[in-house]
Amino acid sequence: KPQLVASNDRFCRFLEEHCPVVTETYYPTIWCWEGRVQTLLRPFITSRPQVEYRNELIKTADGGQISLDWFDNNDSLYYPDASTRPTVLLLPGLTGTSKESYILHMIHQSETLGYRCVVFNNRGIAGEELLTPRTYCAANTEDLEAVIHHVHDLHPSAPFMAAGVSMGGMLLLNYLGKTGRDTPLMAAAIFSAGWNVFESVESLEKPLNWLLFNYYLTTCLQSSISRHRQMLEKLFDMDLVMKARTVREFDKQFTSVMFGYRTIDDYYEDASPCRKLKSVGIPVLCLNSVDDVFSPGHAIPVETAKQNANVALVLTSCGGHIGFLEGIWPRKCTYMDRVFKQFVQAMFEHGNKIFSV
């Protein structure tokens, strides 16, 4: 069974009643039980539900633009009135977009419940042009704040929550730690977040993990900015950036410089959600596997979570990073998908029971 960590008995009882999946035994797919195998295979094994998006480009205060992909769910039987249709904002991982299989599955789950979804694509990675020499990072929440207020202004009467995966979860947690209760969001779900960036990069620099994940992720980061090289060369030595062989080297030469940090350690400290968890002011459910090499089990802030009545952690012993495969042939629903579906439904339909936490 997963370990449920929550200091608030009322929140615990709420989850046990309305989100029972967090107390059920999780049986990982028997032939890919190890965390790294789960992490590697999920993108290839899981299906990719068909989703028709409506794209919207919004302008930012600094002259940039952000690409939002909407799934309006106008055929919703449960919520035919678009003005009050519950809305879920989805935040993909580090180089992810609205096309990731885990995002498509979240939208599929939301569709069956009648909800609307909008995917926040970080600057420059969803096919849109960079209008300024700026991309994104886990610590800077300005773009996310702009998107949250934009969506809320469009549908002020609609219940509104968010779900973030991997770096998207880190960004969402950093935003919630900054805003406390002062947010239009009623709740949030976080999946496979890296809690302590120092521990994450150290884990990813171990020889096997570097071979399986770190080098590939670094090349993905480089690929995501190479299309914008002409714009970025105004501020960066792009030849040096493209020579990076680890995520840490990329962040040292590019990310930390872009966002004005004196050192990479300053950036990593600011980007680590574990340092802001105590300030989260709305109900948040966080799912992690302790065998996730991107977020090692010993770095999960269990004791800090116990000090905030708004926070619940669900920790599985297996599942890897955005894996959580289950069943003999895990093509469709994963444990993570079931946690997402039950939690958003619980919050939208019964959340008033715990708003006083």
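Placed from the backbone N, Cα and C atoms, the Cβ positions cover glycine too.
The shown structure was predicted, so the numbers you read here are calculated from the model rather than taken from an experiment.
What TrEMBL records for this protein:
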- 86-327: domain 'AB hydrolase-1' (DOMAIN)
- SER166: active site, charge relay system (ACT_SITE)
- ASP292: active site, charge relay system (ACT_SITE)
- HIS321: active site, charge relay system (ACT_SITE)
* Does HIS321 (active site, charge relay system) have same-chain partners at least 6 apart in sequence with Cβ under 8 Å from its own Cβ, and which are they? -> GLY35, GLN38, THR39, SER166, SER192, SER289, ASP292, VAL293, PHE294, SER295
* **Cβ atoms near SER166 (active site, charge relay system) (within 10 Å, other residues, all chains)** => 26
* Structure fact -> Neighbouring CB atoms within 10 angstroms of the CB of ASP292 (active site, charge relay system), all protein chains considered, total 28
